[in-house]
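This report concerns only the one structure given below.
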Amino acid sequence: MAKVVTTLPTSLLSLVFLARLSALLVALLALTWAFYFQTSFLHHQRPSTQQDLLYAVLHPLLMVIGFIVISGEAILVHRWLPGSRNLKKSVHLCLQGVALASGIFGIWTRFRGEKGVVANFYSLHSWMGILCISLFGAQWLMGFLNFWHKIEMRTIRARVLPWHVFLGLYTYGLAVVTAETGLLEKLTFLQVNGRVMKRCTESTVVNCLGIGLVLLSGLVILAAVSPKQRSLQTVYANSKCLTS
């Protein structure tokens, strides 16, 4: 008689660990940029209040840590978390909900200026941000209706699952690309206006943050598409075979 035991591959555990390490690095770099270089977030044409500075600093923190890092952790839940499927789905759904709330609030902090939303909605970064958060919200709602709602039929879930996985990874990748355009836009603006030198500590921090996001997204997506389990077949011989 044979018994099949499933375990997590060492390579998958290593990917999850490296993804967590990259997420920590990204979070530390984002915090360093926001708190040690606050003058870069001040308005260059008019005096900025403490409230303006707070909202300006909150935008990159919410979008990078609250949106990208937490949504990446939500993707990894199905790769490492032990327990039932319902437990994994509930944790995944909650983490994605936190990421969605962070993304919405992060966009609000950017568009709350005196000139309103329309005046700030002009760059590729802003266009991609609205598209990304809209897809993410639709994805979260689709996941809730098709995977968490008890009345949904199993056949419908099976049909939606490939699209749910694809759109989830696509939206996550789009969020990282959007963040990269934001970093490039901000750093270019600061350098063109002479507020930051091309070769300085802040430029290095921002560039490292961009590289960290690239590394993090690659590890998260690779861990998401890697085989989750391997089968180890252990053959138990009967007592006659053992004594022979």
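If you go along the chain as it appears here, the first residue is 1 and each next one adds 1.
Positions of Cβ are set from backbone N, Cα and C atoms, glycine also.
For 18-225, the entry in TrEMBL reads domain 'Cytochrome b561'. Mean pLDDT for the domain 'Cytochrome b561' (18-225) in the predicted structure: 86.
As annotated by TrEMBL, transmembrane segment applies to 12-36 (among others).
Annotation source TrEMBL lists transmembrane segment at 56-78 (among others). Beyond the transmembrane segment (56-78), the same-chain residues lying 6 or more positions past its ends with a Cβ under 8 Å from any Cβ of the stretch are 16, 19-20, 23, 26-27, 30-31, 33-35, 38, 41-43, 48, 88, 91-92, 95-96, 98-99, 101-103, 105-107, 109-110, 129, 136, 168-169, 172, 175-176, 179, 182, 209, 213, 216-217, 220, 223-224, 228.
Within the same chain, residues 58-59, 61-63, 65-68, 70-71, 73-74, 77-78, 81, 129-130, 132-133, 136-137, 140, 143-144, 147-148, 175 sit at least 6 positions outside the transmembrane segment (90-108) and bring their C-beta atoms closer than 8 Å to a C-beta of that stretch. For 90-108 (among others), the entry in TrEMBL reads transmembrane segment.
The transmembrane segment annotation in TrEMBL covers 128-148 (among others). Residues 63, 71, 89-90, 92-93, 96-97, 99-100, 103-104, 107, 110, 121, 156-157, 160, 164, 167-168, 170-171, 174-175, 177-178, 181-182 of the same chain sit 6 or more residues outside the transmembrane segment (128-148) yet have a Cβ under 8 Å from a Cβ within it.
According to TrEMBL, the transmembrane segment annotation covers 160-184 (among others).
The transmembrane segment annotation in TrEMBL covers 204-225 (among others). Away from its own ends, the transmembrane segment (204-225) comes close to residues 12, 15-16, 18-19, 22-23, 25-26, 29-30, 32-33, 37, 64, 68-69, 72, 75-76, 78-79, 165, 169, 172-173, 176, 179-180, 183-184, 186-187 of its chain (Cβ-Cβ under 8 Å, at least six residues beyond either end).
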